[in-house]
Amino acid sequence: MRKKIVAGNWKMNGSPELANTLLPRLAEVAKDIQADVLVCPPTVFASLAKNVAGESVAIGAQNCSDKASGAYTGEVSVAMLSEIGLSHVLVGHSERRAIFGETDELIAAKVAAAIEGGLTAVLCVGETLDERESDKTLEIVLGQVKAVLDTLSAEQWTQLVIAYEPVWAIGTGKTATSDQAQEVHQAIRNCLAEYSADGAGEMSLLYGGSVKAANAGELFAQQDIDGALVGGASLDADEFIAICRQAG
Ligand code: 3PY
């Protein structure tokens, strides 16, 4: 059985107050449901988040360095994230690809560093509106997936989750329809099966892009959608909890 996961990406938002109020409530809900719950606050609040979240909510980072240590001003290594008790790291979010120029090669190196350092990498992939409108969705998304899979062994997949986040649905209020999302998720799973049939069946594939309580249920009902990576709605305790409950 594949794990259902609901992950919150706070991006560059939130505060110690939000961590102190939202996470203890979420922790109680997470104890009651089957789905795994993950919250990725800004790294500066991650230690605090880890302390207040307890064991039922996993805390992750939104980015990591591909380097182990050294003169890399502003970077944070996987070992540092692990040292403060984090278990996951988002890698290759479309904002990092588009705004910070992260390439497939760098993203593959970060995923490898995360896995080797004992974390679970949540690899984010997705197409832009132009790419979708020129019928390149699967070419782009599967290209981003393969760039990472080509550098990993199937045994390492137990520490990999893939989040499909169409760029045109991020921060725009537009969500892919559940059929559009399922079509891409199924294509990702078929692509995984070319590497490892067992691994493909076990990989959790999350949908991201303006997920809210109102659309989560329909998305989660799709065969190849195993949860969500939630942006803005993860900053609102009631909304995020309502999404988590729908994951079961
Ligand atoms: C969004 O839903 O806005 C996201 O980018 C989640 O990562």
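Any Cβ shown, glycine's included, is placed from N, Cα and C.
The substrate site recorded in TrEMBL comprises ASN9, TRP10, LYS11, SER210, GLY231, GLY232 together with one of GLY54, GLY70, GLY171, namely GLY171. A C-beta separation below 8 Å, combined with a sequence spacing of at least six in one chain, links GLY232 (substrate binding site) to GLY171, SER210. For LYS11 (substrate binding site), the same-chain residues lying six or more positions away in sequence with a CB closer than 8 A to its CB are PRO42, GLN62, GLU95, GLY231. Taking the C-alpha positions, the distance from HIS93 (active site, electrophile) to TRP10 (substrate binding site) comes to 12 Å. Within 8 Å of the centroid defined by the CB atoms of ASN9, TRP10, LYS11, GLY171, SER210, GLY231, GLY232, the record's substrate site, lie the Cβ atoms of ASN13, ILE170, VAL230, ALA233, SER234, LEU235, excluding the listed residues themselves. Taking only the Cα positions, the spacing between TRP10 (substrate binding site) and GLU165 (active site, proton acceptor) is 15 angstrom.
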